[in-house]
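Marked as active site, proton donor/acceptor by TrEMBL: A:Cys74, A:Cys193. The substrate binding site annotation in TrEMBL covers A:Asp11, A:Ser12, A:Tyr43, A:Gly44, A:Asn75, A:Thr76, A:Thr194, A:His195.
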Number of protein chains: 2
Amino acid sequence: MSSGNPIGVFDSGIGGLTVFRSIMEQLPGYDYIYLGDNGRAPYGNRSFSTIHQYTWECVQWMFEQGCPLVILACNTASAKALRTIQQQDLPVQNANKRVLGVIRPTAEVIGNYTQSNKIGVLGTTGTVQSDSYPIEIAHFFPELKVYQQACPLWVPLIESGEYNKPGADYYVQLYLDELMSQSPDIDTILLACTHYPLLIEKIKAHLPRHIKVVAQGDIVAASLVDYLQRHPEIEQRLSNTGSRSFYTTMDDTANFDAHASLFFKSALTSTYVDVRKTCK
Amino acid sequence: MSSGNPIGVFDSGIGGLTVFRSIMEQLPGYDYIYLGDNGRAPYGNRSFSTIHQYTWECVQWMFEQGCPLVILACNTASAKALRTIQQQDLPVQNANKRVLGVIRPTAEVIGNYTQSNKIGVLGTTGTVQSDSYPIEIAHFFPELKVYQQACPLWVPLIESGEYNKPGADYYVQLYLDELMSQSPDIDTILLACTHYPLLIEKIKAHLPRHIKVVAQGDIVAASLVDYLQRHPEIEQRLSNTGSRSFYTTMDDTANFDAHASLFFKSALTSTYVDVRKTCK
């Protein structure tokens with residue numbers, strides 16, 4: 001058993017570590033590498049072509065580390081880069097590699113959580129404006145009504161360590177009120193941002209008990225378990241010594257490590273890498 | 001009169017527009033170009049060498065547009081890149097050009113505002129951790145005691161448009177309480193971040209009336225008036241048709257324009273530029 005063929009988990013920053021945590025808990029035996037493109041984060045405001053360029057550079061770097069399979073644990077990259085990578089890049093350059101995102105696996109199952117057929121989606125401004133979730137969910141659950149709400153202050157509240165303090169209550173209530181005012185019949189709320197699980201207790205506390213709050217990590221992990229069962233040609237190429245390595249494109253790795261442990265729920269040590277293809 | 005030799009005003013993003021606004025009001029006759037490196041913002045978490053590289057690339061681009069003089073209207077670039085540019089880059093490559101920052105002009109006069117000789121400095125985590133203000137102020141006012149407080153949520157509150165709404169009060173009060181708890185005798189508070197002037201009314205409302213709240217824009221503009229009087233060899237090279245142009249390294253210029261008008265207090269239209277020297 002070599003540790004040379006890990007599963008790659010990618011995010012523009014550190015939020016993807018909440019998804020990685022869930023994947024690791026459900027599939028602990030494989031080798032993993034995590035890459036955060038913190039040196040170029042946040043991706044949210046950038047154009048389609050820039051997000052595709054950055055994401056593809058990171059994915060190629062993970063392929064070079066031996067990954068047969070890369071998970072884009074990032075809503076922005078999944079919304080704006082994944083299709084081009086799957087349809088244009090991979091067939092030409094890496095036909096035997098696979099790249100999966102977080103939006104489709106979520107869309108495939110989210111309809112199973114609701115009785116009212118009305119769900120809420122909370123995300124960053126970029127994710128909400130992209131309409132990726134309503135569009136993708138309609139493929140699998142055309143009868144569902146999807147209500148969206150952008151929560152632009154939640155990521156800053158989380159990254160500044162205020163997420164579990166009283167001031168955050170105002171902004172949790174503010175965005176939840178704006179969502180629920182769109183339809184009082186919403187009975188399921190999807191956290192469509194990898195940061196938001198850190199606020200999940202406050203979110204639940206501000207909602208009636210019958211409303212389910214769904215984080216993506218467990219859905220994506222369950223979907224990966226299923227994917228590997230259905231694709232033995234990929235699964236058999238994965239090494240499984242249980243190793244985990246963390247990489248970031250931010251040269252201040254200590255800063256990454258300090259923030260990352262909150263999301264990963266245990267201490268970690270990262271290594272700086274330069275993934276740029278066009279700018280070495 | 002040619003419009004070919006504007007004053008350059010640089011920031012990592014859009015905050016520098018508050019400084020530019022003040023400069024333009026005090027010196028309306030000159031030509032100006034503003035450059036925001038939004039495509040690579042925020043600078044705060046980046047290393048010294050990266051901040052220097054990015055800033056120097058932007059400064060060189062402004063030199064190429066004809067600027068004899070560039071103002072770094074950015075606390076991070078002023079703290080982490082200006083000295084290297086002034087001492088190493090300019091003498092070798094552009095000995096007849098000048099680059100000025102926002103920290104030294106502020107440090108030169110801030111002591112004139114206080115009677116108690118105790119001042120507070122509010123800034124981003126990066127600015128506070130750099131200790132640039134206490135170090136620089138000590139050169140001019142060694143008797144001053146400088147108390148610092150990082151306000152990590154103020155920039156997100158401003159950029160998400162929440163700065164003039166009730167939820168912001170909590171975080172204005174929080175950071176001001178933490179600052180004032182360091183010394184009740186503080187009688188002058190410096191806003192050492194170019195975003196913070198948008199919060200100035202809330203800040204004043206949360207403080208006793210005798211405490212002065214000082215924004216950097218007017219100080220930096222007054223310092224530039226003085227500098228140009230003392231340096232006619234620079235002043236005479238400036239063109240003065242009253243033109244203003246705005247550039248950003250973010251490819252989504254509409255996004256820049258929408259946010260920028262809040263800081264600049266009037267509508268503007270920007271043009272995308274790629275300033276990279278090593279990565280065309």
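Placed from the backbone N, Cα and C atoms, the Cβ positions cover glycine too.
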Cβ neighbour count within 10 Å of A:Gly44 (substrate binding site): 18
Of A:Cys74, A:Cys193 (the active-site residues), the residue whose Cβ has the fewest other Cβ atoms within 10 Å: A:Cys193
Cα-nearest neighbour of A:Cys193 (active site, proton donor/acceptor) within the listed recorded positions, A:Asp11, A:Ser12, A:Gly44, A:Cys74: A:Cys74
Pairwise Cα distance for A:Gly44 (substrate binding site)/A:Cys74 (active site, proton donor/acceptor) [Å, integer]: 11
Recorded substrate site residues A:Asp11, A:Ser12, A:Tyr43, A:Gly44, A:Asn75, A:Thr76, A:Thr194, A:His195, farthest C-alpha pair in Å: 14
DSSP three-state assignment (helix, strand or coil) for A:Asp11 (substrate binding site): strand
A:Thr194 (substrate binding site): tally of other CB atoms within 10 A of its CB: 28
In the chain carrying A:His195 (substrate binding site), residues 6 or more apart in sequence that have Cβ under 8 angstroms from it: A:Gly15, A:Thr18, A:Trp154, A:Val155, A:Ile158, A:Glu159, A:Phe263
